[in-house]
Structures are given as C-alpha cells and as structure tokens.
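Taken verbatim from TrEMBL:
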| type | residues | note |
| --- | --- | --- |
| DOMAIN | 5-361 | domain 'Tr-type G' |
| BINDING | Asp17, His18, Gly19, Lys20, Ser21, Thr22, Asn286, Lys287, Ile288, Asp289 | GTP binding site |
| REGION | 360-397 | region 'Disordered' |
| COMPBIAS | 374-383 | compositional bias 'Basic and acidic residues' |
Amino acid sequence: MENLKNIRNFVIIAHIDHGKSTLADRLLEATGTVEARRMKPQYLDQLELERERGITIKMAPVRMLYKYPAQMVADDTQISADNEKFLYGDLTYKIRGAAFEVWNKIGPGFRESIYQKSLEAELKKQGIDFVTQPTLKIEYENKAVGDYRPDLVIDDKVLVELKALPFIGDTEKKQVWSYLKGSSYKLALLINFGPKKVEVERIVYDSVRNLRSSASYPRSSAQIEYILNLIDTPGHSDFSYEVSRALAAVEGAVLLVDATKGIQAQTLSNFRAARKAGLKIIGAVNKIDLLHTQTNADGTPSLALTASRGGQTNAELNRMINELAGLIGCQAKEILLVSGKTGRGVKELLETIVEKVPPPNYADQRGLNAQPRLDGESRRADQRGNNPRKLVSSPRESAAPSRALIFDSLYDDHKGIIAFIRIFYGGLKAGDEVKLLATNTKCKIKEIGYFTPQLKSSEGIFEGEIGYIATGIKEPALVKIGDTIFANPREISTRNNANIIGEVSRISSQSLASCALPGYKEPAPVIFVSLYPDGETQFEDLKKAFERLRLTDSALMFEPDSSEALGRGLKVGFLGQLHFEIATSRLEREFGLQFMASFPSTAYRVKTKGKFTTIKDPNDFPDDADEVFQPMMRVEVFSPPEYLSQILSIKENFHMEIFEIKNLGNNVIIEAEMPLAELVRNFDDKIKSLSSGYASFSYEVSGESPAKVEKLEIMVNDEPVSALTRIVFKDEAESEGRTTVERLKELLPKQQFTQAIQAKVRGRIIARETIAAMRKDVTGYLYGGDRTRKMKLWKKQKRGKEKLKGMSRVVVPTEVFRDLLKK
C-alpha cells in the first residue's frame, strides 16, 4: 500500500521523431529502473516494427522509483552494481555531453589524438577540471607494482579512455576494468569515436571497499521515495487514440519539442488533448546536445544551435522557448532544456515532475458513477488557477467496491488476456473476483502487478497506481479497452448496500462511454480496406489474428466481407494510412499470415430514392445516387514560409479549401478543409516532398459535404474485378481508369485468347487496353505452296481461340493484385 502523495502519473507527448523514447531511456537510467548492462536504445519500444521504423507505435507504461532530492545513499562498506550506476551521475552526463559536442562539430574519421585535444578544449570551455595522461600507480596488496597513464582523469573522480575504433570490443572493456581494479578509482568512461556514432561505456569496479568522499555523493537521511508511472506515447497522428487513452490515465504530461525543429503540427494537437484532459503540462526542449555554448555581449553564457535547417541563432532559440512557454501558459524560465542522447537536464526534469505533477486526486471518485471523471476540465480547474489541489485520503474501508479502468491489453497463451489498468478507487489483489462492466463478465484475478517495463507480479495495486491483471479470459471480445472493472461484485447484490445497488443500476443502464474516462469512446475509422486470405492462410486464421491484434490495437474495426474473385475476407477500418501499414505488417510478422488488401476507401453517405445509406464497400455504391456526402477533415499544415507557395500549388489536386494562413514563430500554419479520401492518396508524401521533409500536418474529422464522386469499375473480358472497384472524383475518373488499365496490361499474363481490360463508369467505357493472345506458329512446317493453305490454318486457329475465350474465365493472379495495390 503506497502513500498517494508519493505517486506521480505522467506521459511524454510530442510530434513524431522529437525524441520521446530516447528521453524515456535516460529516465530509466537515472532512476535505476533498468540495469546499465541491459539498457538499449528505445528500450520501451518493444515491437520489432518500432525499432525498424524508429517510431513509437504502442503506448508503453513503466513504473520507476525515484528518491527526491535526487541523491543516492552510499553504503559505507559495499556498493551494489545497481547503485553503482548512479556514481558521479551529474559528472558523467557532462562528460558525455562534451563528447557528443566534439562529435557534432568534427565528425568521424580522425585520429585518437585529435579527439583528445578537442575533448580537452570542450572540457575547459565547460569549466570541468581534468588532468591529461597522469601517471597512476597500479597497486597489489597496497604495494606499487606498475604504472598506468589514462588519457584523462576528470575532477579526480573519473578515468577516461579514448578510442577511435570501428566498435568497442570486450578486450577494451576488460583492459579498462583491470586498470580500475588496480587503482583507487571506482568509475571509468570508455569513449569511442566510431565511424557512425559516439559510444560511451560506463565501467564500474564494484569491490568491497569504502567509497571515497565526494561532493557529488553526499549522505542524506531525509529522502522520500516516489513512484513515477510513465507512459511513453506515439507521435504520429494516426495513433492519436493511443495518446488519448494514456492522457486519461495520468495527471501530468511532459510536452517535448525538438530544439532543431520547434513546435510542429502534432505538438499543437497533443497539447490541446492534454489541456482538454486537464493535465499539468511541463514544457521541455529536447536534443540540446545539438547546441553549443556561446558568450553573450554581457559575458553571460547562452545556447545556440550548431546544426539545423537554417542555422538558427541564439535569438531564434529563445524565441522558440518563448513560443512553447506561451503555448503552455508559463514563464520561459520554466521550460526545461534536456538531451535524451547525453542525459543532460534529466535530473532537473525528474525533480520538476515530482514538484509540479499533482498526485492522484480522489475528491471526485467517492461515488460509483464515473461521470465526474468525464469532466476533466472542471475536475482540474483549480490546478490551472491559484487554488492548491486538495488531496483526499482514499476510503478503503467504505462499502463501495474498488474500481479500475482498462486502458490497454494483450494476450498471453497461459494467463489469458492481460489488462493494463489504472486504479481509481480502492485496490485489487490476486484472487479477487472482479466484474467487467461493458460485457458483464466475471473473472478471478490470476496475477497482478506492475511494469518494470516487463510484467512484475506483486501482492496488489491500489489507488492512483498503474499496473496489470491477468484475467484468465481467452475470448478477446469479452475484454474491451476503456471498460470499467469493479471488484467484489457480490457486495453489489446485497440488500445492505441499497445505495450502491441504485448507483450500479444506473451505470449498467448507461453506455460504456458514460463510464469511461475522457476520450474512451469507440474511435471512428478513417479508411476501410478489405483483406483476403492468400497462400496457406485460411479465413478463420485471419479472423482469429485480428481478434488477438485488436487487444493491443483497440482502434481496429472489422466485419466479414466477400469477393467473387478472392473469396471470404474482412472489411477492416483503420485510423489512417500508417495505421493500415503497421497493422498489416504486424499480421505478417507476429501471426505469419499471407493476405491481399483492396484499395483503401472511405465511407460515403448516399441518398437513393429518398433513403440514406452508408456505403463502406465501393461495390455497393449505386450508379443512380441522388446525393452523395463525403467525410471531411480539418487540416493544419505546419511549414517553413519558403515552402508556402509549393504547398498551396497542390490545393486543387487535393480539393483543399484554405481557410486561414497564420504565423507561429518561424513556421506558417495553413488551416484548410479537404475530403477525407485524399488522406489515402499520398497527401503526406506530397507535403514532405514539396517541403524537403520540413512540413508536417495534423487532421481531425470535421463533418461532411456534398461529393462529386463516381464508382470506377475495372473489367477483364467483360467480367468486373470487385477487388479493384473504388470511388473516385468525377474529374479524376478518366485518368485513374486509364492508369489502372495500363498497369494491368503490364502485369496480367498472356493467355491463349485475347484479353480486353476496360475501365467503366456508369456503364460507359472510359479506357481500354488489349492483351494480345499467345500464338503458335501453325504454318511453320509448311514450305512453299499456295498461300490459301496457310490462311486456312490461321482461320482454324482463330476459331479455336474464340471458342476458348467464350468457355474460359480470366482469374487475376494474387501477385497481380499485390503489385497493383502497391503505392
């Protein structure tokens, strides 16, 4: 049982590629959550796809223990390997920062001596004391047995060995460890300026001996241990639902901005979501390892960017900090400067999280009705004002059952469905009987615990904490993201708890959304794609895989579908193009499935004979529609001003309606509205291409508008191919149809008969290509003689091919579908 005052729940939010996961790595290091020997880049990104693409796809919770103030207590006689990693932490970060600064300035390919001189110059500039190549005595049983000359000894605490090798091997590590063993020092840094990056290895010799006194390692007996529950979130707009679920489970957010790029589209979108959820927002500028120290006119040091798009000056950096402060509504001095690469500023960030993020507040959680939690703004209005938040002790002994929220889940073959939960009232322990409100399912908790970030079992978790429960449920449909869990459901049915019965009855009669936290409503799919089994994969395999995948990706929606050419399949709804690519890649890798995908489409509302219907499948689109309404999206494009004209030049191609163009620092913001269908036509790629990769955009569905669209059908030998049918704009129907038939002509194999490939709109053929039949030389054996003999054989061959064409049916190979549907 933990003190609520010592719990901090927070998320890291930012635009894609602004360094969230790398900063999370430094937090794990600084709090000792992950041992140094087990640490790897983007530690919380567990999916193989996340590491390949360098982006976060799934939210990742982790529990960290942090002692505040950030000073560790040293044992007088022995220091464990876990505690040793904190030895001279601040000094280590400064040395690492200096090494990265050298690398950023001169790069790879130089001799070791060049890097040593450069590092010495950087250390002097930062005011760090060091000695170059001092002679150290190697001792054995308190007797000098030899000498050792390290490259640097910094602040008489840390040995530094420099290398310029392709990589650091075990030989180099063992050598430095041996030097430590024979000297009186405890810590060494092995720094390698390799061909691609700087490697910094911390080597600690943990012998049983007293730690030499150090100003950076004071003793402290008045320390408080805090539980920091961090949720790392995705940055791409397609995964905004992941972010919204994380925001509803915490009280604070670290809003991260890349020092070289500034505020971008998803920065603003995530900020609005965090503010709407009523969170305490802490601003931070990341990647300051790309900054260098310069001296102002008054002699004070300041920071400026060394490498960026336009070579930003110190004034531009300050303006960016002021913009972030203005966005959040705080003073510029409250914006933290951090580096996820070197660890600089991480200590200050942890202290700020403890000081500013409020502990879990349960003043609004006394009743069973979860509706007060829905109003996040009013719930935390006092947080943004001058009134301090009130902390109410949790009434564990009250008659009301414990309550928790499911914000994510995964499937385990042995434990069943594992639900990721946030406790809002009471507590849970292994063996408790719980009830899932949405599906009215009861189960007994097989295991309970928290994230380290691996699953670690415990006796129980309580109010304000984030953890998991193993439900033992094997049916994915019974566990829903956003569902509310009640403990001890037997108490609810007792006559003694009449008030509770009434409240539970009211909850049960409401929809799931009224009991869930803000943002926990079913996400509306943006694009729809039909998936069909291919190869050895069967339909049941595909369906079962999607049910499992939906446990970890609750934004997926699917329903049965069928095609004459491709058989049974699933019509699947995704939140965007990237979401579609990631989900299908996971099906291939995690479940080993083979399948084909149709053209992406959106849903249209169609009026026919006075009746409105929603059309998701292009094959169901009527030719005689009276009116058609298409979904629209509100778009915010962030771009440097020099690319504004190029971006505006494509507004007609993507049917954009520009509302407003405004400035935000060094960027311009283009506010526009466009059909949602344009999202699947490589709008993102086009924006990036026109702006040399510097522009970004965010979007949200904004309603609907009348649409001038038609159904484009592709036919082979007068037979429509349903998987290639799609909805297109009227002014683009002919070009789309011609492009498709030309591409099919290249991909379809020849047959013994002629194949006609046609594009049809409203019964009218708008494009056609013909694949000639394969022909055998039936006159090859003739030599000389009358020509009529050859003509007779040719006519016989032609009659045979016409007969074959009438009897045969062209089947489009799956490889052709796959190649045709590639972007």
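Using N, Cα and C of the backbone, Cβ positions are placed for all residues, glycine too.
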### Message
Taking DSSP as the reference, which of helix, strand or coil describes Asn286 (GTP binding site)?
### Response
strand
### Message
Taking only the residues in the domain 'Tr-type G' (5-361), give me the average pLDDT of this model.
### Response
77
### Task
Have a look around Asp17 (GTP binding site) and count the other CB atoms within 10 A of its CB, chains all included.
16
### Task
Taking the residues Asp17, His18, Gly19, Lys20, Ser21, Thr22, Asn286, Lys287, Ile288, Asp289, which the record names as binding GTP, find the longest CA to CA distance and state it in Å to the nearest whole number.
16
### Message
At a 10 Å cut-off from the C-beta of Ile288 (GTP binding site), count the other C-beta atoms across all protein chains.
### Response
23
### Query
Around Gly19 (GTP binding site), how many other C-beta atoms are within 10 angstroms of its C-beta?
24
### Query
Non-local Cβ contacts of Asn286 (GTP binding site) (under 8 Å, 6 or more apart, same chain)?
Ala14, His18, Gly19, Leu23, Leu256, Val257, Asp258, Ala259, Val338, Ser339, Gly340
